Each structure stands twice: as C-alpha cells, then as structure tokens.
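What Swiss-Prot lists as N-acetylserine is 2. The annotation domain 'Thioredoxin' is assigned in Swiss-Prot to 6-165. According to Swiss-Prot, the N6-acetyllysine annotation covers 7, 16, 27, 35, 136, 197. Taken from Swiss-Prot, the feature SUMO2 cross-link applies to 7, 120. For 32, the entry in Swiss-Prot reads phosphoserine. Here Swiss-Prot flags 35 as N6-succinyllysine, drawing on similarity to another entry. Feature annotation from Swiss-Prot assigns active site, cysteine sulfenic acid (-SOH) intermediate to 52. The feature phosphothreonine is assigned by Swiss-Prot to 90, with similarity to another entry given as support. For 176-199, the entry in Swiss-Prot reads region 'Disordered'. Annotated compositional bias 'Basic and acidic residues' per Swiss-Prot: 184-199, in sequence order. According to Swiss-Prot, the feature SUMO1 cross-link maps to 185.
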C-alpha cells in the first residue's frame, strides 16, 4: 500500500516544520531528529473540533508508555502553531487540550499532509492518517480514517510492540498478538509448533 509519497517498507517522507513542544515552546523539528526511535506520526483534521481532542489527549496521556518502548508520538494538522498553542491553553472542559506530552506539528502549507497522502483537497484539511515509522526511518504501517471516527491508542501501541518484536526476534505475530503471546516461526515446518496449539 502507498499513500502519497509514503510507501510501506520505504523511508518515510522527511519533513521540517514548526511544532508546539510539551513545554509550550515553538521549535522547528524534523522526522530525522527521531532516527533511532520508533515514531507514531498522526494527522488530525483541525484544532478546536470534536473528535480530535479525544484522540490527541488519549495519545498525550499515554505518551510515557510509548516512551518506555523507545517510541515518540507526534501529532500534526494544517493549523498554525499559534492556533495549536491557543487550543492547548484552552481548558479541557471547554473543548481544549490542556497541557500536552507530545509535540503538535503545524502544516499550514499542507505539504506534509500531501506528502503523506492524507490531504482532503476539497476542504484543505487532513484525513485521520496514522503512520508507524521504525527506528531506521522506514514506514511500517499506515491507517487512514475518514473524518468522523477516532483511532485507538491501544491498537497503535500493540502494533508498535508487534513490529519491535518481529524486528528483534525474526518471528511473526498472528492476529491480535500482544506482548507475551505466542508468535510464529516463519518456516513451513517450524510454524507447526504454533498451529499445533490452536483449538
């Protein structure tokens, strides 16, 4: 599967953009700054909307879990960094984000969204794209939701853990795999060890 210039198994498109960092400061960051770490890079349509804060807060609240497995979560939308900051400074009870534990990237020229294939051109906003990029900068997973439905932090965390497991051990992860579950040796004979345990 490919999406814009984002192709599974290929280097993820690099970007350089201004982000609002967890300390509330503006900083120019690029994807290459995170080489050596896994990255969950997700797009959302707009600041000050309805589903978006639920997703962003959910990822931010669990940023430490991702950090523990050497993974950085980064959010992005087409809004300006000033708009991001205003939303962060708006209380949660008023639809704001409150303090963030993840950077929020500003993509006002829509070049990053276009590069990653998530730009909804007729509205100039991003679909809910999510990209898992490994520690070598290779794109491993793409999901894109239409605007009305949010994403699962649990599933994203599971996918990062599964890719990290396969990278380290060379075994493959069956459907619904979670850390500690059985994996499959990718060999006709050795795979029977896994399948023989199935009901």
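Glycine is no exception: its Cβ is also placed from the backbone N, Cα and C atoms.
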> Cα of residue 120 (SUMO2 cross-link) to Cα of the residue listed as 'phosphoserine': how many Å, rounded?
Replying inline: 26
>> Can you tell me the CA-to-CA distance separating the residue listed as 'N6-succinyllysine' and residue 136 (N6-acetyllysine), as a whole number of Å?
In response: 6
>> Out of 7, 35, 136, 185, 197, which of these recorded positions shows the lowest number of other CB atoms within 10 Å of its CB?
In response: 197
> Among the recorded positions listed here (27, 32, 136, 185), which has the Cα closest to the Cα of the residue listed as 'phosphothreonine'?
Replying inline: 27
> When a 10 Å sphere is centred on the Cβ of residue 120 (SUMO2 cross-link), how many other Cβ atoms does it contain?
Replying inline: 15
>> Could you check which of the modified residues 16, 32, 197 is the closest Cα neighbour of residue 52 (active site, cysteine sulfenic acid (-SOH) intermediate)?
In response: 16
>> If I take the Cα of residue 16 (N6-acetyllysine) as reference, which of the modified residues 7, 27, 197 has the closest Cα?
In response: 27
>> When you rank 7, 136, 185, 197 by Cα distance to residue 27 (N6-acetyllysine), which of the recorded positions ends up on top as the closest?
In response: 136
> Could you give the mean pLDDT over the domain 'Thioredoxin' (6-165), rounded to a whole number?
Replying inline: 96
> If we check Cα distances from the residue listed as 'phosphoserine', which of the recorded positions 7, 136, 185, 197 wins as closest?
Replying inline: 136
> If we check Cα distances from the residue listed as 'SUMO1 cross-link', which of the modified residues 7, 136, 197 wins as closest?
Replying inline: 197
